[in-house]
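Colleague: A single structure is presented below for examination.
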Amino acid sequence: MSLREIIILPDKQLRLVSKPVEKVTPEIRQLVDDMFQTMYDAPGIGLAAIQVAQPLRVITMDLAKPDAGGETKREPRVFINPEIIAKSDELSIYEEGCLSIPEYYEEVERPARVRVRFTDLDGVLREEDAEGLYATCIQHEIDHLNGVLFIDYLSKLKRDRVLKKFTKAAKRAGE
């Protein structure tokens, strides 16, 4: 396992549409291992392969929270070629953040429940229902695979403000 660099807005790679994974290979397994290590190190609860400059339809997630004793039991999840096949009419609002847009959080409205179809690390096609934060995280990460960022759901004014801030920061870092 190794840490990978997380690409940051305004990197144009974040707008790429990721390609389907044809087969779960040792390289895909290594990518998944690296993604988990990178996600946990950041720390974050979800990561799409494109965020580590790999335009493949792969997502890692872990929504585990510390228990009463402060211990966190990991609940790693892998979604290969995920697609939302059903969503509720009911909406919910969660404050979202993104490892590729560090230290910026905003409320986003999305379907409260979704059904997702994906391939697991064993190459098995699965379907699963998700609700609450789990559903929000799945939708957020699948958006990444389609070149969509959570700031795209904000007003034009807010989105432009965020883009300007991160573009300036990138220019300063390049100087």
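Placed from the backbone N, Cα and C atoms, the Cβ positions cover glycine too.
Per Swiss-Prot, the features are:
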BINDING   C98, H140, H144  Fe cation binding site
ACT_SITE  E141  active site
Colleague: Distance check, please: Cα of E141 (active site) against Cα of C98 (Fe cation binding site), rounded to an integer number of angstrom.
Modeller: 9
Colleague: Determine, for the Fe cation site, the additional residues of the same chain whose CB lies within 8 Å of the mean position of the CB atoms of C98, H140, H144; present them in sequence order.
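Modeller: For the Fe cation site the neighbour list reads G46, A48, Q51, E96, L99, S100, E141, D143, L149, F150.
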Colleague: If H, G and I count as helix, E and B as strand, and all else as coil, what does DSSP give for C98 (Fe cation binding site)?
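Modeller: Assignment for C98 (Fe cation binding site) reads strand.
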Colleague: Given a separation of at least six residues and a C-beta threshold under 8 Å, show me what packs close to C98 (Fe cation binding site) in the same chain.
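Modeller: Same-chain residues close to C98 (Fe cation binding site) (Cβ under 8 Å, separated by 6 or more) are Y104, H140, L149, F150.
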Colleague: If you count Cβ atoms within 10 Å of the Cβ of the residue listed as 'active site', leaving out that atom itself, what do you get?
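Modeller: For the residue listed as 'active site', the 10 Å Cβ neighbour count is 23.
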Colleague: Note down the number of other Cβ atoms within 10 Å of the Cβ of H140 (Fe cation binding site), including every protein chain shown.
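Modeller: I get 24 for this one.
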